[in-house]
Amino acid sequence: MQPHLFTPLTIGSVTLRNRIGMSPMCQYSAVDGFPTDWHLMHLGARAAGGVGLIILEATAVSPEGRISPFDLGIWSDDHIAALSRIVKLIESLGAVAGIQLAHAGRKASVGRPWEGGKPIAPANGGWPVVGPTAEPFAPGYPTPIPLDAAGIARVVADFATATKRARAAGFRWIEIHAAHGYLLHNFLSPLGNDRNDEYGGDLRGRVRLLSEVTAAVRAEWPSDLPLAVRLSCSDWTPEGLTIADTVEVARMLREQGVDLIDCSSGGIAPGITIPVGEGYQVPFAAQVRREANIATAAVGLITRPEHADAIVRNGDADLVLLGRELLRDPHWPLRAARALGHDLAPPPQYLRAW
């Protein structure tokens, strides 16, 4: 019997060749938002390795929305041609090309991780950061400028325009980044948002910005193309977002035309203990799928083919996203297929190795 991990997944008009996706992972190798040869090598290698979906790293909808000065961007029409080259490469190798649209909010303007990852002051090439309030992410981080009504409207418009550019570049899958303490999660979590206007307060108020962004993106994105949202399903503290909150948010997003929830967690504040272990976020994907009646992706320390196959077979998630495991092994899907007794053809140039 064919392993469940290697069955196709169809959402709208898009069919993935299997249930394995590459999670968006920043490479900190862009120049002025433009991809470089590193991105072509990095993304092309994983497409050749057999994944069904590749989601480009957090791609900023505005210059100030970048995590670092070295992040991909989609804030200018000038970015379209370079991104289109990546799309064509990925799709020529049998994978579907997706993109994660993002705004880093108060966690923006930091250096590369391997260079310390510290905040960069505007005088040194950084930029002012924004958030729901003036509360910085952590000691030593800059004080955000609280977004007013005009600032919020700009963010929503930036996501909408970025969506148009993503379509022009040929992407067939969009993911809105609303996790890991970045702008949309910062608004969504009670740990990051104590506003007393219509964008704060209870969950309905805190979800408003994400809802407005989702509506703007869905309006510009063809109805037959998949739209996903990455959520931090838990802040891992009772004072923060809970899985019950996330189920409610997922129901709202489903009503807005979102097709899939990418179930991650954490990132809203430092110093919170996360019980990391194999598949530690899979229960979130299972609960959201079951209680919100929406497709989900499982992500986080999924490394064994048998485990990944069981996630799909058991109905815990519709899609398995791999991150660091694909950094370690670009050909993980080919190896997983062999381990599960499935014949997944490598590129013909590599046949002699398989």
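Just so it is clear, glycine is given a Cβ too, placed from its N, Cα and C backbone atoms.
Swiss-Prot lists S23, P24, C26, A58, Q100, L301, G323, R324 as FMN-binding residues, and of the candidates R165, R167, R230 the one it assigns to that same site is R230. Sparsest Cβ environment among the binding-site residues C26, L301 (other Cβ atoms counted within 10 Å): L301. The least crowded of the recorded positions S23, Q100, Y182, R324, judged by other CB atoms within 10 A of its own CB, is R324. Rounded to a whole number, the C-alpha distance linking C26 (FMN binding site) with Y182 (active site, proton donor) is 14 angstrom. Reduced to three states, the DSSP call for Q100 (FMN binding site) is strand.
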